[in-house]
Amino acid sequence: MNTSYSQSNLRHNQILIWLCILSFFSVLNEMVLNVSLPDIANDFNKPPASTNWVNTAFMLTFSIGTAVYGKLSDQLGIKRLLLFGIIINCFGSVIGFVGHSFFSLLIMARFIQGAGAAAFPALVMVVVARYIPKENRGKAFGLIGSIVAMGEGVGPAIGGMIAHYIHWSYLLLIPMITIITVPFLMKLLKKEVRIKGHFDIKGIILMSVGIVFFMLFTTSYSISFLIVSVLSFLIFVKHIRKVTDPFVDPGLGKNIPFMIGVLCGGIIFGTVAGFVSMVPYMMKDVHQLSTAEIGSVIIFPGTMSVIIFGYIGGILVDRRGPLYVLNIGVTFLSVSFLTASFLLETTSWFMTIIIVFVLGGLLFTKTVISTIVSSSLKQQEAGAGMSLLNFTSFLSEGTGIAIVGGLLSIPLLDQRLLPMEVDQSTYLYSNLLLLFSGIIVISWLVTLNVYKHSQRDF
């Protein structure tokens, strides 16, 4: 019996190791190209509005894909979907590397990479829930969370070094490493019984069209894109009210505290994602830093600090309550943006400190938004509601990156608004940092107002 237990325990540990590898490279794929955006812009002679689509394209299919894979896991099985995700991710890597001289091929490759990488976060949690014993799941989730945090931390550093000393196109090949997990996962994961069920393909297509055209509007400001987006969403809303198993539960729309929490959380997450995508442009223009310096010196310390803030945030939520932690997180965010807008021209190390507090504030806010939103859901709404929150979180990051890319390309914002004598290179970034601070404060006030008038005690 001890031998059987040891073999089972060994199998669970092996599964966990390969899941950690997939989780690490999923996050790395998202973060690694961020520091290279200015280099890509120079190579293709493109404005930030276009260049930021390198990340937006990935986040778009990544966010939609996480929801799709989660829905399909029971119908098609985890093994099939993981294999499909890995192959698609690697296929996108090859296309991107081979066609990196063509901007349209690069964007297409990032769409494909996102569609493949989405399988990892969506299915890893399902695998842990199904294969890891209940008494070890907490440790498993904690380990995966730490690996994800490490991926977020080292991603900019790795990206900066490779882009500076070799070429940014080689970053596209990094996800190819995930292919080594295939034979092991196929052997370790059991054969699953497929469950028949309905899949709302029409709903996914309508929502995807609406999202894509809205993002195109945020970077080109073409009214025709906005019209197509609005029409797609209207048809989507009408559609999900008719079908029996819709992609998004329309009943959640009646839960006002939940919807406001998701919306305000999405705005905050998107604002921070947009800020992080702006940092490489800002450091290049204002402080003339290299790509390696931006990744290793400026962004790396901030991304690694999230491990500490995550631990502290969890303790504070339990001891002082979610709204207390939300106030701290929003204060970190708004004050950091406001301070940076006035002191942007100081030493580049100052931005490292700002990023530490921005990402720390984001982590506090994420923890609280999840707590508050889940508390506003009835028991039968919990699964669909939290899935929608995760989907919105990923999607808002891609949207934030797209919107900030569009704002960086507007000449009207490149004017001096602050009553200070500063270099002209700081005008655009200082104005956007002021805007970010205002958005954070407004989202915070709306969230507080809604939950203070709700019937639940948070």
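Note: Cβ is positioned from N, Cα and C throughout, glycine not excepted.
Just so it is clear, the model here is predicted, and its values are computed rather than measured.
Here is what Swiss-Prot says about this protein:
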type	residues	note
TRANSMEM	12-33	transmembrane segment
TRANSMEM	81-100	transmembrane segment
TRANSMEM	111-129	transmembrane segment
TRANSMEM	140-162	transmembrane segment
TRANSMEM	165-185	transmembrane segment
TRANSMEM	201-221	transmembrane segment
TRANSMEM	223-240	transmembrane segment
TRANSMEM	256-276	transmembrane segment
TRANSMEM	297-317	transmembrane segment
TRANSMEM	324-344	transmembrane segment
TRANSMEM	346-365	transmembrane segment
TRANSMEM	432-451	transmembrane segment
In the same chain, which residue numbers or ranges, 6 or more beyond the ends of the transmembrane segment (165-185), come under 8 angstroms Cβ to Cβ? 14-15, 18, 21-22, 25, 28-29, 32-33, 36, 39-40, 43, 79, 82-83, 86, 89-90, 92-94, 96-97, 100, 109, 113, 116-117, 158-159, 291-292
In the same chain, which residue numbers or ranges, 6 or more beyond the ends of the transmembrane segment (223-240), come under 8 angstroms Cβ to Cβ? 200, 202-203, 206-207, 209-211, 213-214, 216-217, 246-250
Same-chain residue ranges lying at least 6 outside the transmembrane segment (432-451) that approach it to Cβ under 8 Å: 256-257, 260-261, 264-265, 267-268, 271, 274-275, 278, 323, 326-327, 330, 333-335, 337-338, 340-341, 344, 372, 404, 407-408, 413, 417-418, 458
Quickly jot the same-chain residues contacting the transmembrane segment (201-221) by Cβ under 8 Å, restricted to those at least six beyond its ends, or write none. 49-50, 52-53, 56, 60, 64, 68, 228-230, 232-233, 235-236, 239-240, 243, 246-248, 395, 398-399, 402-403, 405-406, 409
Ranking 81-100, 111-129, 256-276 by Cβ pairs under 8 Å to the transmembrane segment (346-365), which is first? 256-276
For the transmembrane segment (111-129), give me same-chain residues lying six or more residues beyond its boundaries with a C-beta closer than 8 angstroms to one of its C-beta atoms, as numbers and ranges. 15-16, 19, 22-23, 25-26, 29-30, 57-70, 73, 78, 81-82, 84-93, 95-96, 137, 140-141, 144, 172, 175, 189
